[in-house]
Amino acid sequence: MGKNRKSKRQLVRDEKRAKKREREIEHEEERDIKKQRREEAQQEALAPAAADYVPPPLDGTYDENAFSSAPEGRRGPNTNFEREFFGMLAEEEQEYFRHADELLELNDFPSAEERDIFLQNVYKEMRGKELKLASSQSCSRLMERLILLSNTRQKKSLFDAFGGHFISLVTHRFASHCCEKLFLQSAPVVTQELSGEYEQEPLPEGEEETEAMKSSMEDLFLLTLDELEEHLGFLLSDRYGSHAMRALLVILSGRPLDQAGTKSLLQSRKKEYITVEGAAANASELSSQIRAVPSSFTMAIKKIIDDSTATMDATALRVLAKHPTGNPTLQLLLELELTMFGKNKEKKDKKQKKDDDEAETKKEETQSEISLLGMLVPDAPAAFADNTTQAAEFVNSMIYDPIGSRLLETLITHCPGKIFKGLQQHIFGPRIQSLLRNDIACYPAIRVLNRLSREDLADAVEKSLPEMASFVDKGRFNVIKTLFERCNVRNGTDEINSLLKALTSAYGNDWKNIVPKLCMLDEEVSEEEQKPESTEEVGEEEAEEKKKQQQPKFQTQEAKNKAFMLNHGSQLVAALLTIPGQPSKAIQSSLAALKPAQVMKMATTSHNTSSILIKALQTPAITPTFHKVLVSSLLPHVYELATSQHGSAILNAIITLPSKPAEPNAPAVPFHMKENIISQLAQYERDLRETWLGRNVWRTWKGDLWSHRRHDWVRWAKETDPETARVAAAPKKREEKEKEEAEKKPKGYLGKNFDPKKAKGLAGNKKFEKKEVSA
């Protein structure tokens, strides 16, 4: 008993610990109460402004009681759903699936047959555990890889397994990615079934065909939409559910799934790219093109737009327009409404004007059809004339907002002509020059420039000319590029010359300064940039690892701004190069005046600058020696170019150009320069073969052909020459040569060795006559 008795010191220590724990509990409770009060205060402040609709927090958390005070009619039915918990995988199961994921990622299988057997076993093991697997942090990647490898029958069985739980899955951090992958991979099947090209896969032995396998993919998508229908208002701004909703909208509309614009709409930049060996074989060509979709999908889009906005008024939509997660979804809804239902709406409007008696009722129907646009800008375009109206206030509040301006860009791009004319006349037109100066408002203003008529564009250019120096100082090169391109499209030669004159004056009234300033060639090159991008001494993988270690983990804001300005400046140079006349001449003069070190910096620094040189080589020359001067600046650095990520593309472009121009000033590189390049490449053949970029250049230039059969290489290199030049360079017979030479000689020509003094003794003062030689 004495051993178990605590000492006085221990009792005092335990008492202190107990008091400390009590204080911590009280502090936590007090903090929770304050947090709850703060959330309630924020909700009360936003509730009247947002008409009882408040988007969920940005961190993805969702409080089931956060909307309890809002009326049921305004917040939509069953918004406060209870998320399901599907349980956790056992340790043995988790280890098995994790090992399977590693094997699929490494593709470490002795043969394709063993890989197929392994996949079949994984599918069998996964049966009945799909929900646990999809919501598992460590195994959801395996589910995505299996979806990429699944056939149509297996995808339908996954729809069956996920059915009834989609709302919990699409709002889950990990399962939402699996749902998106399933939706996107199943979209081409709808088109195949619609066109009759789909063939049912044979059922494996011992497996029964379920109702989902018998159903069409169209029905499975519609059943999924029915399940999500009650929660559309919540999914608009949910951190994970909004991505799944965007994916469904893109699928229903039939838009291409593999386009860059579609991918950026569906996923964030931080999204992990998951793939697996064999996924490309299962990929459908329909993903990269516009797909035919059934009429039920079009009706489903219309219903989604109506249901999503039915629970909100105009004020709630404005709150959603500035929400980081809800804004992209709202953009897509607005774009689909204007592009898919806009033309039908205009036709109905014309028919409605015929009947005066039913005008009011039909006007209400029209407003219901354009619910989203009508709620954002009511009574447009007439309302834009008064700055106090709801429509004008909405546009003015979105112009300078970094998130809301994106929705405004979509509205400007796709809105009907009447509404755009009102926007241009009353809001953007009078202050276009000040909007183009602003770093946020310039993007909606650029969208306006893309739709202006020739007269309005000339007026905008006239207002913008005094601001050219300000555009250059602030780096608004995208604005200058748009002005040049639109004037070129509208055939505004005078406006183009005025813009070029203003741009040149901003750079010291000298064309030679344009390219160095826009491409930042005047700045001192750091020691790291001066080193050639070669991997001569170390392997390619080691060089890449060393490069990654040298690069900072997080890019500073200054570096981001510099890269941003370099990108837009290079795009402006490339745009000017394609505009015939003075702009192209100015850029070619500036490129020809560059020093060899500056040309090499352009060739190896970035993709944007190297693409300028490629485009310059493919552009007709204003001066005959332009292409020759440009290539001669690169000749001393052929090996550095061949092992450079960006410079290798320039070498590959040079060999595709003809040696003799088909027309005067057409793109061409003299043949002796090509021979100089291939001879330098041959000196470094061994080093080139050690790198992927070097092998690519050697293969493109047909280096092996040069080494073993040089006359064949010469014939191949001259295949790009125009036909007349190749015929002229071909060897001819002796008789044909003599005949051509005789035709070229002037009449009365007596030959190269004819001596008139000797002819005097033979003929005297008489004319020289040719004697006939008898047989």
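Glycine residues also receive a Cβ, built from the backbone N, Cα and C atoms like all the rest.
What Swiss-Prot records for this protein:
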type	residues	note
COMPBIAS	1-10	compositional bias 'Basic residues'
COMPBIAS	11-41	compositional bias 'Basic and acidic residues'
COMPBIAS	345-366	compositional bias 'Basic and acidic residues'
COMPBIAS	732-746	compositional bias 'Basic and acidic residues'
COMPBIAS	766-775	compositional bias 'Basic and acidic residues'
REGION	1-79	region 'Disordered'
REGION	345-367	region 'Disordered'
REGION	525-557	region 'Disordered'
REGION	720-775	region 'Disordered'
REPEAT	125-160	repeat 'Pumilio 1'
REPEAT	161-196	repeat 'Pumilio 2'
REPEAT	227-267	repeat 'Pumilio 3'
REPEAT	390-425	repeat 'Pumilio 4'
REPEAT	633-679	repeat 'Pumilio 5'
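With a threshold of 8 Å between CB atoms, the same-chain residues lying at least 6 positions outside the repeat 'Pumilio 1' (125-160) that come near it are 86-89, 93-94, 96-98, 100-101, 104-105, 119, 169, 172-175, 177-179, 181-182, 185-186, 189, 198, 200-201, 203, 210-213, 215, 217, 220, 223-224, 272, 274-276, 278-279, 282. Across the repeat 'Pumilio 5' (633-679), DSSP helix (H, G, I), strand (E, B) and coil residues number 28 helix, 0 strand, 19 coil. Predicted-model confidence for the repeat 'Pumilio 3' (227-267) is 83, expressed as mean pLDDT.
Note on the repeat 'Pumilio 1' (125-160): DSSP counts are 26 helix, 0 strand, 10 coil.
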